[in-house]
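Novice: Copying in the features that TrEMBL gives for the protein in this structure:
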TRANSMEM  12-28  transmembrane segment
REGION    31-77  region 'Disordered'
COMPBIAS  38-50  compositional bias 'Polar residues'
COMPBIAS  54-66  compositional bias 'Basic residues'
COMPBIAS  67-77  compositional bias 'Polar residues'
DOMAIN    81-461  domain 'Major facilitator superfamily (MFS) profile'
TRANSMEM  114-135  transmembrane segment
TRANSMEM  147-167  transmembrane segment
TRANSMEM  173-190  transmembrane segment
TRANSMEM  210-231  transmembrane segment
TRANSMEM  243-262  transmembrane segment
TRANSMEM  283-311  transmembrane segment
TRANSMEM  326-345  transmembrane segment
TRANSMEM  357-375  transmembrane segment
TRANSMEM  381-402  transmembrane segment
TRANSMEM  414-433  transmembrane segment
TRANSMEM  439-460  transmembrane segment
C-alpha cells in the first residue's frame, strides 16, 4: 500500500494521469467527409448555377489536387484496407518510440564523456543524411515494401542488438549508422507506400482521415512505449537495453503483416537514381511552395532533433541531483503529441486552413523553446517542453497534408529525404559542438531555426 501511495505521489505520474483524460476528452472525430473543398464542390446550393463546362473544370482540378487520393469515404472509420496499412505502421512506430527514453542513458551509463555521446548522435544524423537520401530514390525505383523490410526492420533489429555491447564504442557506432538509415525509411517510405497504394487501387480514402488515424495511433504507441520502457526498466533491475529488446520484438511483429499483406509499389522505375535526384531537385527549386514546405520541415525537424538530445540532461540539471523517470516524462510528452494532433483535427473541422495551422505551429514552438533560455525551474521547463511536444503533434499531420497536396507522388520519397539534408547539417553542427555550448545557447539556436521556419511557413498559401 505504501509503495502504491508513493507511486501516486510522484508529480510526473499525477501529470500523466491528468493529461490522458484531457486528451481523451478533447479527442475529435476524424475530419468529416463533408468538410473542405470536397463539400464545396458537391454543394447542392451552388451546383444548379454552374455550367457543364465549369463542372468539368472543377472535376479536373479535383483530380489534380494531391491532397486527397479520391473522394472522402462515407464513413470516417478506418476500412479493412486502411487497417492493413495502419496496424503494421503502429507496430513499427511502437518499436521506434521504445528507443527514445533511454538512448542517452545507455551511453552515459557506459561512462562515455559528453563529446563521445555527441559523436554517437552525430553519426546517426550523418547516416540519415547520406544513406537516407539514396534510400528514398532506391525505394521509388526498387520498391517501397522491400526498402521497409530491409532498410527499416532489418537495420533497426541489428541496431537493437548493438546496444548490448555498450563498452565497445565501434559497435555502438555501427548501431547509430543503422539507426540513421532506419529513421529515414520510417519518415518517408511508409507514407509513400500508403499514398501510392491507395492511388493505384483507386480506393475511396480521404488523406485527412488517413493522417488523423496515423497520427492518433502514432501518439498512442508513443505513450505505450514510454510506459513499457518504464516497466521493463523496473523488472530488469535498471537495465536500459531492455527497451531495445522490446523494440526488436515489435519490429518482427510489424514485418509479418508487411511481408504477407502488402503489395509492392514503386515510383518511376524507368529513370535512374541520378535522374530521380535531378527530377526531385527540379520540383523543389521550380516550385516555391514545395521549397517553403521543405524549409519549414527541415528547420522544425532540426530543432526537434536538437531537443531530443537536450531534454534529458536539461531536466536532470534542473532537478539538481534528484532523480526522475525519463520514461514517464517521455509518456507525458507523447500524450501532448496526441493533444497536438487533436488540435489539427479540430482546426480542420472548424475550416482553418492547413497553411494557417502550420504558421500557428511554428510560432508556438518558437515560444516554447525560448522559455528554457530564461528559466531554470524544473516545472516551468517541463511545461514548456510539453507545449513543444504538442506542437510536434500538430506539425506531423499538417506537414503531411501539405506534402500530399503539393509534392508529386513519383518522387515523393526522394524529395522528402532531400528535405532532411539541411535538417541533419543543422543538428550535426549543434550537437558536435555541444560540449562547448551551454544548454541555453543550444535552445537559442533552436529558436533561430524556428524563426526562419515560421517565415517560410508564411509564404505557403
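Glycine residues also receive a Cβ, built from the backbone N, Cα and C atoms like all the rest.
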Novice: Is it true that the transmembrane segment (326-345) and the transmembrane segment (414-433) have 3 or more Cβ pairs under 8 Å, skipping pairs fewer than 6 apart in sequence?
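Specialist: Touching, no - the transmembrane segment (326-345) and the transmembrane segment (414-433) miss the threshold of 3 or more Cβ pairs under 8 Å.
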Novice: How about the transmembrane segment (283-311) with the transmembrane segment (439-460) - do they touch, taking at least 3 C-beta pairs under 8 Å (6 or more apart in sequence) as contact?
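Specialist: Answer yes, regions in contact.
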Novice: Answer with yes or no whether the transmembrane segment (114-135) touches the transmembrane segment (381-402) by the criterion of at least three Cβ pairs under 8 A, sequence separation 6 or more.
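Specialist: In this chain the transmembrane segment (381-402) does not contact the transmembrane segment (114-135) - fewer than 3 Cβ pairs sit under 8 Å.
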Novice: Excluding the flanking five residues on each side, which residues at least 6 beyond the ends of the transmembrane segment (243-262) place their CB within less than 8 Å of a CB in that stretch?
Specialist: 84-85, 87-89, 91-92, 94-96, 98-99, 101-102, 145, 148-149, 153, 156-157, 160-161, 163-164, 193, 197, 225, 228-229, 232-233, 327
Novice: Using Cβ distances below 8 Å and needing 3 or more such pairs, separated by at least 6 in sequence, tell me whether the transmembrane segment (414-433) contacts the transmembrane segment (173-190).
Specialist: yes
Novice: Run the contact check on the transmembrane segment (357-375) against the transmembrane segment (439-460): 3 or more C-beta pairs under 8 Å, excluding pairs closer than 6 in sequence.
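Specialist: These two stretches do touch.
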Novice: Residues of the same chain, at least six outside the transmembrane segment (173-190), with any C-beta under 8 angstroms of its C-beta?
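Specialist: Residues 89, 92-93, 96, 99, 120-121, 123-129, 131-133, 135-136, 139, 144, 147-148, 151-152, 155-156, 158-163, 412-413, 416-417, 420 contact the transmembrane segment (173-190) from elsewhere in the chain.
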